[in-house]
């Protein structure tokens, strides 16, 4: 590189860093800093921002390494270590971008998604309670009153109609809030939910819920499965699906896999339900993984132990 | 034939539905309503005090639910038979009630004659279950018996059979026309379902639980 070009590039980087809070450094032989731009020079805790391990790893592997760092002033940085060959010397370029605001917004967004989904769930629970504890009881009462009258055809028809409404109402309550009874276990709620979705899909399903899976995450598990099984019905009608809810290494794993034709994973962000579910899992301290191909689709959610 | 009427306590938090039950019991020559309650705690207190022949309890009640009242009655060895009614007859709920010592479980849509007949039968020490509840109970017993056997999909069973035959992941991928990544994922799920960390343990556990011969 000509000296003039190097100076020009240096100038460009300085301007860039003034505009966008980008820090740049060049590190030779894994430890000697041969260049920093003004933004990098202004960082008090360069040792925190530049990870020696990442420099060594990038130099050794010859491939870029991406990490994140948080400096003691609270700023969050996205850092990339790019291995370069400079006059036969192994040099690593470090580019750090301040993403504090982006990070804050992303966290905030996940929290809003989580809060709003939880609020919606509470509301569904309240509705289910009102329908179950009052409306359904009155209907059952009416049914018994009619059933105690000698059965004329009109009475029989009225009883049939009440039975029909009762059944529909029960289904609605179950769908609104699968755990309407404290004594219902997570396993039976998951089984009922899965078989209900499978019947409507239609698809076939095998369900495995560990006895030790129940706990504080129950409502989240059911909300997640509701979304994932709706997806199976949408993308893989006729497929065979497997549902697994089990603790693995102290964390709770929720997995839904199908052998359907898969879908374009790039549409996930546009798919509001799935994107919201992933945001909610992440806001709850969990992880999400989606694999989809012509072999099928697998979504695996991992929640921290509570 | 003159027999002593069987004493009954009714507990249901919904006043309208409870009134229907108490009226029906009041009309029976063989039953005598001695108390009623609108929640689980009041129900248990009334039952402890009056020691009725039968307690007719709703499952979903504030405070203690019907199942908890049942457990307390059995724990305290009270001489009261328990008939549970529920608007929501989930299989595992039926199982928990019967295994917890209830004499009967009825859906709340049951007509009042059937409920009263069941209460009278419980007072005589009989156990009565309508056919649909019997079906639910049997399914739940079978399900619980099979709970040790992992539930595998067809694909997972194929992969399991192949690792038992000593095939490698790439061989399995080729044989099933799947990508190696997909086979790896199937293996991970298989291990999680079997609660193991490697192939050898997977095959051993599969044999023990009857998934493989």
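From the backbone N, Cα and C atoms, a Cβ is placed for every residue, glycine too.
Features of the protein shown, as given by TrEMBL:
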| type | residues | note |
| --- | --- | --- |
| DOMAIN | B:7-123 | domain 'Response regulatory' |
| DOMAIN | B:145-210 | domain 'HTH luxR-type' |
| MOD_RES | B:58 | 4-aspartylphosphate |
Quiz item: What is the Cβ neighbour count of residue B:58 (4-aspartylphosphate) at a 10 Å cut-off, with all protein chains included?
Solution: 27
Exercise. Take the domain 'Response regulatory' (B:7-123) and count its residues per DSSP category (helix H/G/I, strand E/B, coil), listing them in that order.
Key: 54 helix, 27 strand, 36 coil
Quiz item: Mind checking how the domain 'HTH luxR-type' (B:145-210) divides into helix, strand and coil residues in DSSP?
Solution: 48 helix, 0 strand, 18 coil
Quiz item: Mean pLDDT, the domain 'HTH luxR-type' (B:145-210)?
Solution: 90
